[in-house]
């Protein structure tokens, strides 16, 4: 019999105040998104992991299997939002992409604007809840734009997540209502390209 | 003949305070309207599909009756148009609602033990649907009542989808965040609890009577 301890997952702090991304993302949304939605993923993930550990200790494989949905939903929710907060930066600190990241984007999409248009078109088209992602393909050394449903983490595709845009309605509805494309235009004012570049550099190691 | 956005059977503010008027306005004039527009655009090139009618279009989702390049668009928007058309009608002025009676009440009690037990199961399905989707109470092929939830704009008419519980819906609840976020934010269970105050049990009874004969009211 193997026994092990589980570590609990913690809700990370935001690297900025709730209102810091205004006017592009409202302080009300940021606060709800962090303290309610992300916090719930963390709490539910911890609960599911604890139940899984108990089931494992009892040898109850059936129970372990039934918990996988909750682990995927809530674990994915935690992973995705953990990345998302670091992908954003207050508009006063915004800097466009530079160096290798800029070269890769321009090499593949001709210009940053063209990349954004294509990313936004794909991300706006996500049915229901999901995320738009810029990912890094370690095999090909290329960037890829893709979308994931619900809270499925990008990592399950093999791509390394660099930049995620949450298009669950809770991410924008209070401010943009049904007009998801307006949210997608606005968010590029608060994308933390330095963080994206750091993630790319880490992926290439 | 293009599909059209149906008028609401009541004013935007009629379901207050349980469902707020701003949500009803945006839900109807923006979200539902978009499903209608997108469905019409997709069917433009396939007039024979348009002639099937909305219920039949939903029933053939997941079969080869839908051409590959529009199959997903029709699933999302044909589903969205049926679901919301159905939804507006199973709600009514909160002062109009008395709870189920007659044949549908008996069927509920037969399937779930009591109306309260049915509500508890329905609430669990609605709260437990991860991401966007709907919760449904419907009549199965064997005539019994069951509860299920579906993702995105799927519905139990789409019998050919894998994992589907084929049913004729008699009651349904939209749990996409746009259905409740302006008033309830993340508090979906509170929205679900409040919504029971606006259920149109007369329409549910009509839906049930039709479903027992195999018909789908629209």
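Glycine is no exception: its Cβ is also placed from the backbone N, Cα and C atoms.
Bear in mind that the values here come from a model prediction, so they are computed numbers and not experimental data.
As recorded in TrEMBL, the features of this protein are as follows:
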type	residues	note
DOMAIN	B:3-91	domain 'Manganese/iron superoxide dismutase N-terminal'
BINDING	B:27, B:84, B:174, B:178	Mn(2+) binding site
DOMAIN	B:100-206	domain 'Manganese/iron superoxide dismutase C-terminal'
Between B:27, B:84, B:178, which of the binding-site residues has the fewest other CB atoms within 10 angstroms in the structure shown? B:178
Do any residues at least six apart in sequence from residue B:174 (Mn(2+) binding site), in the same chain, have a Cβ closer than 8 Å to its Cβ, and if so which, in order? B:27, B:83, B:84, B:87, B:134
Other residues with Cβ within 8 Å of the Cβ centroid of B:27, B:84, B:174, B:178 at the Mn(2+) site? B:28, B:31, B:32, B:87, B:176, B:179
Secondary structure tally of the domain 'Manganese/iron superoxide dismutase N-terminal' (B:3-91) (DSSP, helix then strand then coil): 55 helix, 1 strand, 33 coil
